[in-house]
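J.: So that we are looking at the same thing, I have put the structure below in structure tokens.
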Amino acid sequence: MADGAEAAWNRLAELARAPGASAIRPLMEDPSRAARFTHRAGDILADLSKTSVSDAVREALLDLARGVLAARDAMARGERINATEDRAVLHMALRGPRGTFRSGEEDASAEVHATLDAMQAFCARIHGEGRFTDVVNIGIGGSDLGPQMAARALWRHGMPMRAHYLSNVDGHAWEVMRHGLDPARTLVLVASKTFTTAETMANAHLVRGWLRDALGEAAGANLVALSTNLRATADFGVPESQVFGFRDWVGGRFSLWSAIGLSIALACGWEVFAALLAGARRMDEHFLSAPEAENLPLLMALTEVWHVNGLGLPSRAVLPYDERLARFPAHLQQVEMESLGKRVTLGGLPVPRPTGPVVFGEPGTNSQHSFMQLLHQGTTPVPADIVLVANPAHGFEENHRQLLANGLAQAEALLRGRDATEVRAEMEAKGVAPAAVEALLPHRLFPGDRPSTTLVLPRLDANTLGQLVALYEHKVFCLGALWEVNAFDQWGVELGKQLAGALLPELAPGAKAGAHDPSTTALIAELHRLRAD
Ligand code: F6P
């Protein structure tokens, strides 16, 4: 690590040790704070003022950030920054204009646009023919979460097709889904970067069998593949004209903009998919051009550094106050935790500080009636990202006002808390007996000074969704650079895959268990016993 960075980390640690470092309310006494800590990128407004990032902390964080934008430029130049997989990281090329991104000697943009043109022509044909009413996307992780999140956010009645997402190898998922589908009218996309992922291939064989049972040899016409592995897609029997490729410089969790997003375009229409890409491009332009002190992805990353490394907060909640964004927290879980759940630096040394926090979330107001209790009164503060959408796409104005009021109220309650004077006065006004007031008081106090970031979108459409998703992608990039970890590999998923492969034959009827720890051996025996009954 450069000496400058070490000094900046030390300065940050010093600020975090100072008394009152996590207090927010005193900072809020500055009438200019809300404006000074509110930033805009594209159509998104981000209020970062309800955090304990003071002016001094912000200065120290920006010192830490020297070098992040240079790393960003290396990514944009197509350098192989994913060193452990020896790959470039070029998801920005997927939404960039023609002629903008290169990967080594190759014109990455040319290939991207050739695929986009083919996808558009394919959508036009499918929509024009009108034969297919439903599209089933079979994929998992990045080949499921991003497209599913976006299709759920953007689909409206009257759009060209219904989209379904089959990800879990649990047969119950297909068992439920298949009953609503007519094989003759269902287009099946097998979405897999590698075309080797066990769950996806198991489901692909299952669904191909269902198509073949109903349609015989004609089933091939209903099959589409989205992959980098063109040999495997051919072996699986997908006609070449129905294969849409992409390259290894697209990470799975950043792939919804690639051929992997075809289900979005089929379900919602090409214009919607194109607007999604345009929105992401708008955020890319901000990320690529805004100076450090105004660069929203970087500022959000720095706020997270303060929470995780300064204050030692190990988790973060994502609370979209919009039902259409119900799968947004799940998508971010992969984007953030698969990218930043790392314990060694790019150079292979232990990271000397905590890295990616646990990310979880649910749409508001549902979250308020499940886990928000812990955010308000639990022992460890959990920073929250609250996403508000000013204008709904429905006419139920009263509901929407309630939704917005609740989102604002959560952020306000986390900040201001509730002290003994206030709680006593309220209970006394209700005529609660003095002894009961004192007994209940500790339970009814809210500590306050709990951080949140509020993002406001004017409306949720394909363009603003593209901006929002790209904002978080770039935030993750910045955190990877700040923590000096590779945010683009995911070796941590491998061991479980290998062990599952080894366990699979041992679960066959009558099979013997191999060598395992005593707990696993006992569980295998119990499963054999229960399944033999
Ligand atoms: O879980 C590991 C992972 O490789 C993810 O990174 C990826 O999004 C997912 O599996 C699916 O991979 P594929 O698209 O190759 O089937």
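Backbone N, Cα and C atoms are what each Cβ position is placed from, and that goes for glycine too.
Remember, TrEMBL labels are computer predictions, not curated facts.
This is the feature table in TrEMBL:
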- Glu338: active site, proton donor (ACT_SITE)
- His369: active site (ACT_SITE)
- Lys497: active site (ACT_SITE)
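Describe the structural surroundings of these features, if you would.
T.: The secondary structure of Glu338 (active site, proton donor), as reduced to three states from DSSP, is helical.
Cβ-based neighbour count (10 Å, all protein chains) for His369 (active site) stands at 10.
Other C-beta atoms found within 10 angstroms of the C-beta of Lys497 (active site) number 11, with every protein chain shown included.
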J.: Would you mind reading off the Cα separation of Lys497 (active site) from His369 (active site), to the nearest angstrom?
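T.: Counting only the Cα atoms, the answer is 36 Å.
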J.: Give me the Cα-Cα distance between His369 (active site) and Glu338 (active site, proton donor), rounded to a whole Å.
T.: 28
J.: Return the residues near Glu338 (active site, proton donor), defined as same-chain residues 6+ apart in sequence whose C-beta is under 8 angstroms from its C-beta, sorted by sequence, else 'none'.
T.: Gly141, Arg253, Gln490, Gly492, Val493
